[in-house]
Structure formats: structure tokens, C-alpha cells
Amino acid sequence: VRDGYIAKPENCAHHCFPGSSGCDTLCKENGGTGGHCGFKVGHGTACWCNALPDKVGIIVDGVKCH
């Protein structure tokens, strides 16, 4: 279990709108305890999740979205 920016395939961010409930819902649907919209350098707005299961991908620093 770990916290991080949940990733789409190919290390891409789930973009979001600050203040919306979309990230919290996405994180919970993927087994996390909740989340919010944050900002990830190089990706822009992105969903940050708390306590995601290890099987759920998170953004890896230094790897470009492709």
C-alpha cells in the first residue's frame, strides 16, 4: 500500500479539476482510502491517491507519458 499520483497506462496522469470529487471517487474505486486533485510537475493537474494497493500503477518519476 502506498500514496501517489495514480497512473493511466504508459505512466500518464489522470487529469482533474481542483476541488472536484473526481479524484476521491477514482482512488476509492481503485482500492485507495481517498484522494484529491494535485499538481505534478511535468504532468499538470493529476489525481493524488492515499493508500493505493501495490497492484495499482502510480506515476514513476523520470519516465515520460507516451
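Note that Cβ sites are derived from N, Cα and C of the backbone, with glycine treated the same way.
These come from Swiss-Prot:
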DOMAIN    2-66  domain 'LCN-type CS-alpha/beta'
DISULFID  C12-C65  disulfide bond
DISULFID  C16-C37  disulfide bond
DISULFID  C23-C47  disulfide bond
DISULFID  C27-C49  disulfide bond
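Positions of Swiss-Prot features highlighted on the structure.
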residue : record         : CB count, 10 Å
C12     : disulfide bond : 15
C16     : disulfide bond : 22
C23     : disulfide bond : 26
C27     : disulfide bond : 24
C37     : disulfide bond : 19
C47     : disulfide bond : 27
C49     : disulfide bond : 26
C65     : disulfide bond : 13
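When the alpha carbons of C65 (disulfide bond) and C49 (disulfide bond) are compared, the span between them is 19 angstrom. Taken together, the residues in the domain 'LCN-type CS-alpha/beta' (2-66) have a mean pLDDT of 96 on the 0 to 100 scale. Among the disulfide-bonded residues C12, C16, C23, C37, the ones whose Cα sits within 10 Å of the Cα of C49 (disulfide bond) are C23, C37, in sequence order. On a Cα basis, C37 (disulfide bond) lies 11 Å away from C27 (disulfide bond).
On a Cα basis, C12 (disulfide bond) lies 11 Å away from C47 (disulfide bond). Across the fold, the C-alpha of C37 (disulfide bond) and the C-alpha of C12 (disulfide bond) stand 15 Å from each other.
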